[in-house]
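Below: the structure, in structure tokens.
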Amino acid sequence: MNDAAKRGQVGTPGALAERDAQVFRAGVHLNRLNNEFEDFLFGRIDLLLGKDGKKGPDGAYTAVEPADGAVRDDDTADIAETLHIGRIGVLDSEYAPLVIDWRAPAAAPFYRSTPVDPGRVVRRRVIRSKGRKVLGVEDDLMRPELKATLDGHELPVIGDGALMAALGQARSHTMRDIVASIQAEQDLVIRAPAASVTYVEGGPGTGKTAVALHRAAYLLYQDRRRYAGGILIVSPTPLLVAYTEGVLPSLGEEGQVAIRAIGSLVDGTEATLYDAPSTARAKGSYRMLKVLRKAARGVLELGPGAGPGSPAASGSGATGANGTGSGANGRNGTGSGANARRGTGSGTASASDPGRSRSASAPGAAGSGQLALGDEDEAAVAPAGPPNRLRVVAFGRRLELEAGALERVRRNALGGTAPVNLLRPRARKLLLDALWEQSGAATRHSDPELAAELRSSFDEDITSEDSFIAFLDAWWPELTPKAVLAAMSDERRLGRWARRILNPGEVRRVARSLRRDGHSVHDIAMLDELQSILGTPARPKKKRELDPLDQLTGLEELMPVREESQRERAERLAQERTEYAHVIVDEAQDLTPMQWRMVGRRGRHATWTVVGDPAQSSWSDPDEAAEARDEALGTRPRRRFELTVNYRNPAEIAELASKVLALAMPGSKSPSAVRSTGVEPRFRVVRDSLAQTVREEAARLLDRVDGTVGVVVAMQRREEAARWLAGLGDRVVALGSLEAKGLEYDATVVVSPAEIADESPAGLRVLYVALTRATQQLTIVSADRDEPDTNGVPDLLRD
Ligand SMILES: Nc1ncnc2c1ncn2[C@@H]1O[C@H](COP(=O)(O)OP(=O)(O)OP(=O)(O)O)[C@@H](O)[C@H]1O
């Protein structure tokens with residue numbers, strides 16, 4: 001900046017422009033350094049001389065192994081190189097490295113080196129600081145047998161291990177990064193080349209989520225241009241998104257990475273509802289794909305605005321003919337549709353059943369405005385369907401297609417699997433063919449050129465007729481995913497489309513769930529599938545307002561409104577993006593087949609990182625999900641990694657959880673816990689009031705830990721559990737069993753293991769998740785159904 005000021009004094013326009021550019025760049029850099037200031041420098045390694053004595057671009061020796069003779073026979077050695085590791089790289093004024101970026105190759109030994117395989121590292125030091133103050137230093141000796149000297153002095157060793165210090169810290173409501181203490185097996189995953197699919201399995205607390213987030217930051221650092229296409233991180237719940245999303249900015253990465261809950265992947269729609277396990281099973285399975293395909297075609301026969309709350313057309317692109325169609329379009333459409341449907345109840349005769357004779361011949365009559373029926377009218381007025389007669393005048397003749405002919409045209413047009421909305425031009429062409437044939441004009445000219453000319457003026461005549469346009473809008477409206485889903489809320493209709501695919505109970509439950517206001521996480525995958533079944537007809541692109549921030553990358557970091565504008569911008573970019581360069585799936589074991597299809601569409605050309613733990617799957621049919629996963633990942637080669645160490649739970653809690661693991665997945669191995677607290681899990685039996693007992697236990701734990709307390713209950717108890725805890729403060733939260741996924745607390749209360757286990761076919765695995773959330777203390781509250789023994793240990797947790 002000082003340099004720049006001097007340049008300005010020259011006064012030529014060129015110098016002034018250069019000054020501005022330099023000030024701008026320096027400002028961006030300064031801002032970045034300021035942002036990374038907290039805990040900026042967190043590591044140091046002292047190394048032996050490298051084998052070949054070669055140095056890399058960051059000025060560090062590149063060899064992993066020490067030079068021959070670096071260690072003398074009497075086990076003494078000299079430290080040849082000391083590197084400091086920080087959140088970003090810093091060079092001194094001579095361009096020599098002062099601080100190495102944690103993602104740079106030279107920093108790898110900081111993470112990789114272990115006493116078993118130390119490489120050149122003699123001592124690894126982790127430094128904790130706040131502002132300018134060093135709070136603590138923890139050393140690990142990688143070659144404890146060596147007597148190493150640095151500048152003639154012996155290397156001192158301080159503290160008792162960085163990892164343990166990190167793990168012992170209290171938890172807050174947001175996750176911390178682990179840059180200072182990434183372990184060797186985790187580092188292998190973080191730095192794995194992103195050529196294909198990186199597949200990571202590991203038990204609870206092995207750092208899968210942490211590793212996935214650090215991998216995103218690493219990939220961006222390695223090849224920013226390649227990942228300019230964006231990295232998508234798919235998380236199971238909005239709670240986990242909120243818990244983890246602060247980690248990337250702390251690693252200096254934001255903007256290019258979108259962390260989204262699986263229920264928020266479709267823009268403009270957010271999952272707010274839960275489905276009962278049996279409904280979720282029907283909605284998430286491959287079978288639903290067949291139902292959706294049938295529904296998408298079946299809805300066409302209903303016509304626009306034809307059914308209770310099921311206006312099928314979007315209204316866009318229509319010439320005012322299907323005014324009510326827009327009811328189901330857009331955000332609120334289905335909501336009002338759903339309201340309208342309420343009074344009807346399932347199984348009522350649908351107003352949309354085709355069959356009512358209608359004609360497009362009276363101008364304007366095809367407008368669905370006149371077709372729209374409210375629920376109240378439904379019983380009184382005969383049901384309306386799409387127009388089933390087309391009358392036009394061409395070459396002075398009246399031409400007419402009756403229901404049968406129209407049906408043949410429709411079937412013909414719908415042949416194959418092409419997106420329904422893109423078939424409209426084909427249907428239009430087939431209609432014209434049928435009319436042309438009826439007109440007899442085809443035989444008038446033997447000269448093919450004249451015949452073609454005649455045909456084209458015939459087509460023009462008809463297609464410019466208002467009644468034809470109105471007919472087409474009503475007969476082949478543009479469908480929206482929400483409209484199709486709304487149409488599926490009618491049990492009778494759904495029963496027709498799902499015949500021999502879903503059983504009657506499933507049809508009833510799915511239809512009923514679709515009549516609620518809002519969407520569930522499984523509905524989102526159905527909407528996305530429908531979008532691909534229906535397709536979007538090409539439209540002229542809307543011009544976006546010019547955003548000055550687009551022109552100047554980095555400018556936003558200088559703006560006073562930085563936080564807001566950056567977020568808005570990231571959101572806009574995310575919305576415009578439908579495919580990503582890299583997709584990271586967290587808690588992959590939970591994706592249903594339909595969700596795999598949805599995520600797969602976002603990474604058709606991407607490289608992938610998939611992390612999960614089969615033992616924590618809440619999906620009832622893992623084999624079907626695995627098939628869908630393999631389909632989404634295609635034939636790309638996979639590199640498999642396994643994480644084996646549990647960094648979250650103390651041994652006492654891990655041991656208890658392993659009992660449930662043995663029931664849930666006999667034969668599978670628990671990850672080994674790295675620490676022990678000496679505090680055994682506590683068992684408490686409910687005497688009078690469940691609410692009172694849980695409240696007492698939560699309050700007890702709040703007294704015993706500094707950080708957060710989570711109370712995990714069966715899904716159906718979520719709301720009452722929040723009331724039990726009222727007034728205890730914001731360090732304690734109530735969670736449904738499925739919401740606990742991926743989260744962690746200093747202490748947890750798990751309420752009625754049996755109730756959680758009985759909730760769904762995957763209940764034991766869900767219970768396993770619930771039991772593995774605590775970093776320090778765990779209390780189990782048992783009710784009668786848990787059949788506790790005299791010590792209060794419930795049946796499921798006994799040896
Ligand atoms: N190398 C490490 N250094 C310090 N803390 C770590 C390390 N690895 C993991 N942790 C901590 O361990 C806890 C568990 O990590 P994480 O949530 O990523 O595990 P997970 O495998 O995703 O667990 P789950 O399967 O239960 O969701 C987190 O608090 C994380 O910060």
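Counting starts with 1 at the first residue shown.
Cβ atoms here come from the backbone N, Cα and C positions, even for glycine.
TrEMBL annotations: computationally assigned, not manually curated.
It should be emphasised that the depicted structure is a prediction, and the values quoted were computed from it without experimental measurement.
Taking the Cβ of Gly207 (ATP binding site) as reference, residues of its chain lying under 8 Å away and at least six apart in sequence are, in sequence order, Ile178, Gln183, Gln186, Leu643, Val645, Tyr647. Secondary structure at Gly207 (ATP binding site), taken from DSSP and collapsed to helix, strand or coil, is coil. The annotation ATP binding site is assigned in TrEMBL to Gly202, Gly203, Pro204, Gly205, Thr206, Gly207, Lys208, Thr209.
Residues annotated as compositional bias 'Gly residues' in TrEMBL: 317-336.
Feature annotation from TrEMBL assigns compositional bias 'Low complexity' to 337-349 (among others).
Here TrEMBL flags 357-369 (among others) as compositional bias 'Low complexity'.
According to TrEMBL, the domain 'UvrD-like helicase ATP-binding' annotation covers 181-650.
What TrEMBL records for 302-371 is region 'Disordered'.
In the vicinity of ligand 1, defined as a Cβ distance under 6 Å, the following of the binding-site residues Gly203, Gly205, Gly207 are placed: Gly205, Gly207. The Cβ neighbour count for Lys208 (ATP binding site), using a 10 Å radius and every protein chain shown, is 25. If you draw a 10 Å sphere around the CB of Gly205 (ATP binding site), it holds 27 other CB atoms from the protein chains shown. Same-chain residues with CB within 8 A of the center of the Gly202, Gly203, Pro204, Gly205, Thr206, Gly207, Lys208, Thr209 CB atoms, the ATP site residues themselves not counted, are Asp613, Leu643, Asn646, Tyr647, Arg648, Pro671. Long-range Cβ proximity for Gly202 (ATP binding site), meaning a same-chain Cβ under 8 A and a gap of 6 or more residues, is found for Lys208, Val611, Asp613, Glu642, Leu643, Thr644, Pro671.
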